[in-house]
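If you check TrEMBL, you get these features:
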{"type": "COMPBIAS", "residues": "555-565", "note": "compositional bias 'Polar residues'"}
{"type": "COMPBIAS", "residues": "566-589", "note": "compositional bias 'Low complexity'"}
{"type": "DOMAIN", "residues": "87-166", "note": "domain 'Ubiquitin-like'"}
{"type": "DOMAIN", "residues": "360-400", "note": "domain 'UBA'"}
{"type": "DOMAIN", "residues": "432-472", "note": "domain 'UBA'"}
{"type": "DOMAIN", "residues": "485-525", "note": "domain 'UBA'"}
{"type": "REGION", "residues": "542-594", "note": "region 'Disordered'"}
Amino acid sequence: MSLELERENRLIQLRAKLNERKIKLWEPPYFTPEHQTDEAELQTLADQLGPELGIATELCKEGLKALQRNALEKLQSKDEFQRTGIATVRVRAPTQTGSNREFDMKVKVTDTGSQLCELIGKRLSLDARKIKLVCSGRIINASSSLQEQKMTNGATVMALVMAHSEEEAKRECSTYDRVHKIRTEAETLINDKDSSDFLSIEDQSGNAIFLPKEEKKSLMMALALYEKGKAAIAAGNHEEALLLLLEADHDFRCCNSQLLNVVDNYALLNLDIVWCYLSLKNLNQLPDAEQRLKVCELKFQQSYGKNMQRVAAIRGEQSNEKTLLVRLHLLKAILYFHQNKRDDARTMFQVVETELQKLRIDDDCLSRLMECGYAMKEARIALRACSNDVEASIEYIHSQRQTREVNEKRAERERKLYRTIGYEVASSEFQRLKLELVDQLMEMGYPEELAALALKRSENDINGALNELATNRDGLQNELLHTVSVQTPLQDKLVALGFDASVAKVALKLTANDYDRATNYLLANVTQGVYSEALRGALVEMDRKRSRSDSCSSAGTPASTEPSQPASASGNRPGSSSASASSSSTTAADTEKRRRKEMLDILFKSFSQDIRTSADSHLDLALEQEANLLQQYKQLLGMD
């Protein structure tokens, strides 16, 4: 047990006893009119309170003097603030060794966050630009005044910096840069329409969730920063983790959707923020920690159901979500302890102890599963879900894998289908297509893409979709000419068979890149180099769409709406200066597109290299830290 925690325990008990007896250490007889401590009176008080609280008299007196000193400093700073407007804030700077550097800082509340950073930077001999300040659960904005950010006299500020060794100082200066770089990378990936799915959004059953564009952007940013924050926690870098988690908290708060009431991400974020407070020994952020745990508990009830009923219905009685409740209940118990609600703390610690016992993993069972080739995380989750039954755990693992595979295939099919028919999932009019209705229409012989388009137009009314397919099939196919992006390798294969590139493109668009169907379409509509009326009409429609697109993007002359038909099926249209310029422009555009894609791929790999992408990662808690903390606090409360 740390000496710091033992000292805090003594101060908590002494403070409560003094409040109970209305004893004011800054007034006579403990503090004389000459502004001196009366040692004899303090000694007498220590002799009285020590035995009552089970604290050695010498340690009791030391605690009383510390409380008296704190009280006098607060009175002095309050008076100074009223007279001069200069506030005294308490700065706590966590270090990598687990301790805190603490000191008071004088500042005007009209000063900005950056000015306070400058003062703290000078005190710590650090570059102020590399310091991030946290107060009441918010990152202090550098350009706004402290008063605007509701920081006043007596506030406690956490300065996220590291210890003073040369090596750690280098890491210290990189923390801010890394967090800034992570946000910039996430923004780049999210803003690129081809990379917007780099983090999937799913419900508890693993089904993809589609959201309006702006809301999805905020939620994706929050999730991206949160994943990076969790990776920092796993690496033991709690300073960087806290910054990332608070940044994620800001983005989560930008989401207006009721979605946050039914998914557990925001609850988990609040839980992890309080865990970082504890790891950084900054539970003096009590008001914020208490509020965050309340949010967490409420969100858990909304997502999992009261007493976990909703999760039990989906995953079974022994769900791994119960590991999250252990951490929640432990943090609540620790908060009760620091608030001197000792009876509540004892009760909650007993709850935690019972929960830990139920979730204990048998080492022999774990070894047997790992000998079978299963990863530790997968084995641990399965054993908890199956109460250490090895055979049941193996069945559980394979069932979970199968469910994930089915959900992933369904989600990928859904995304691909929406891209094919040009269905903008970010629009306010978006209504999710019912894939089971698409399947019904496919069983009747309709192609998937036409079935989806018909259901989109009929708003999932299968009778309306059948009517659309019967009366407006040409219109549906023309829409595909506007929405389907042709896969170049397939187009090249059709050109190699002797078809003109333009008709190959039409065929692939009309069949949604189905090579066999596209080949059959061309064989049916091209006879000795002569195109059918249907194919000519499709070429005209595709050129018309390209002309409108060109008109929107430049002031150039629109392309001709007449289709070009070569003399033979394998012939090419003669080139011209304008066609040559167009070809050159297209080549440059393709080169730029490839370069951007390569850049995004590199960025994606860099960004995601330390993110654990498994859907159950947050449930794989070893619970060793929780067990150690439980024993420490039980000892402080005399529960052993």
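FYI, residue positions are counted from 1 along the chain as it appears here.
Each residue, glycine too, has its Cβ placed from N, Cα and C.
Just so you know, TrEMBL annotations never went through curation; they're auto-generated.
Per-residue pLDDT, averaged along the domain 'UBA' (485-525), amounts to 92 for this model.
For the domain 'UBA' (432-472), the DSSP-based tally of helix, strand and coil residues reads 30 helix, 0 strand, 11 coil.
Counting residues per DSSP class in helix, strand and coil order gives 16 helix, 30 strand, 34 coil for the domain 'Ubiquitin-like' (87-166). Note: the domain 'UBA' (360-400) comprises 30 helix, 0 strand, 11 coil (DSSP; helix = H, G, I, strand = E, B).
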